[in-house]
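These notes concern the structure reproduced below.
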Amino acid sequence: MQSSLKLVDCIIEVHDARIPLSGRNPLFQETLGLKPHVLVLNKMDLADLKEQQKIIQHLEGEGLKNVVFTNCLQGENVKQIIPTVTGLVGSSCRYHRGESLEYCAMVIGIPNVGKSSLINALRRQHLRKGKATRVGGEPGITRAVMSRIQVCERPLMFLLDTPGVLAPRIESVEMGLKLALCGTVLDHLVGEETLADYLLYTLNRHQLFGYVRHYGLGGACDDIASVLKQVAVRLGKTQKVKVLTGTGDVNVIQPNYPAAARDFLQTFRRGLLGPVMLDRDVLQRSPVAEP
Ligand SMILES: Nc1nc2c(ncn2[C@@H]2O[C@H](COP(=O)(O)OP(=O)(O)O)[C@@H](O)[C@H]2O)c(=O)[nH]1
Ligand SMILES: [Mg+2]
């Protein structure tokens, strides 16, 4: 990735719009410094963007001036990216070159934020061609084969068709949990039940009670065991087990907690529990510094 970055005129960094302030790998910023950079906050359909201006100000404070919110599944705002890139490359004096020269951009980001989906969406929008790269639900499925895809005629612009995969920067346990909720870290590394517990805590704190409706629960609850038990019963994920007691065998219904936790997480990730802003606490904690 380091060597291909040298050939690139612009970096398109993709990140998850639900965690606009968490988990980005700052490494390349030092490495690249002067290269034009666009931050694409993808999965906007899953994000609560009521405080979009605050997010943009916050990112500006970190020196990120070119931010585009997208939904790569619907192609929303994807059209804004290439004009932003050409504008940046055109106005950066280091890259003032003859008109005939072509541009090359590279997509980078942490796993599962939608890098491949963005490459596909750009290709669809600009050349009306179908799938360019594989898209996968598990982090790290993209293979390392380097070729270029044309994404624009005028100016002639190419995109490396293999995104650069960065490791997320995990500064705290909570940041790690947010990253895991967004699917950027393999679930089993955290444990699905731990993650489900953090999800329930977050939904309650943000007063997002869609889960109560979705699973037909009696009401909001902050006890994960109780919620998962009800979810398991709802989904029919239970099993009868014989328990030996002093007075003989008794059949008890045992909920399948891991299956319930998995369903809870999947339902959340599909957006069925409503949009979220997992970095709301960061936005509230640190008021935007005056320039
Ligand atoms: N809801 C939603 N899902 C998306 C969006 N973009 C990508 N995805 C999904 O996110 C998952 C990871 O996408 P992928 O492009 O493979 O991510 P990569 O690992 O960064 O290349 C896939 O299941 C995609 O369908 C989006 O804008 N909205
Ligand atoms: Mg990929």
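Cβ from N, Cα, C; glycine included.
Among the candidates GLY87, GLY164, GLY176, GLY191, the one that TrEMBL lists alongside ASN42, LYS43, MET44, ASP45, ASN112, VAL113, GLY114, LYS115, SER116, SER117 as binding GTP is GLY164. Under 6 Å, Cβ to nearest atom of ligand 2: this is the test, and of the binding-site residues ASN42, MET44, ASN112, GLY164 it is passed by none. Among ASN42, LYS43, MET44, ASP45, ASN112, VAL113, GLY114, LYS115, SER116, SER117, GLY164, the residues given in the record as binding GTP, the maximal Cα to Cα distance rounds to 24 Å. In this structure, GLY164 is the one among the binding-site residues ASN112, GLY164 with the smallest number of other Cβ atoms inside 10 Å of its Cβ. The candidate set comprises the binding-site residues ASN42, SER116. Of these, ASN42 has the most other Cβ atoms within 10 Å.
Looking at the domain 'CP-type G' (1-168) alone, the prediction's average pLDDT is 82. Less than 8 angstroms from the CB of MET44 (GTP binding site) sit ALA17, PHE69, THR70, ASN71, GLU76, ASN77, each of them six or more residues away in the same chain.
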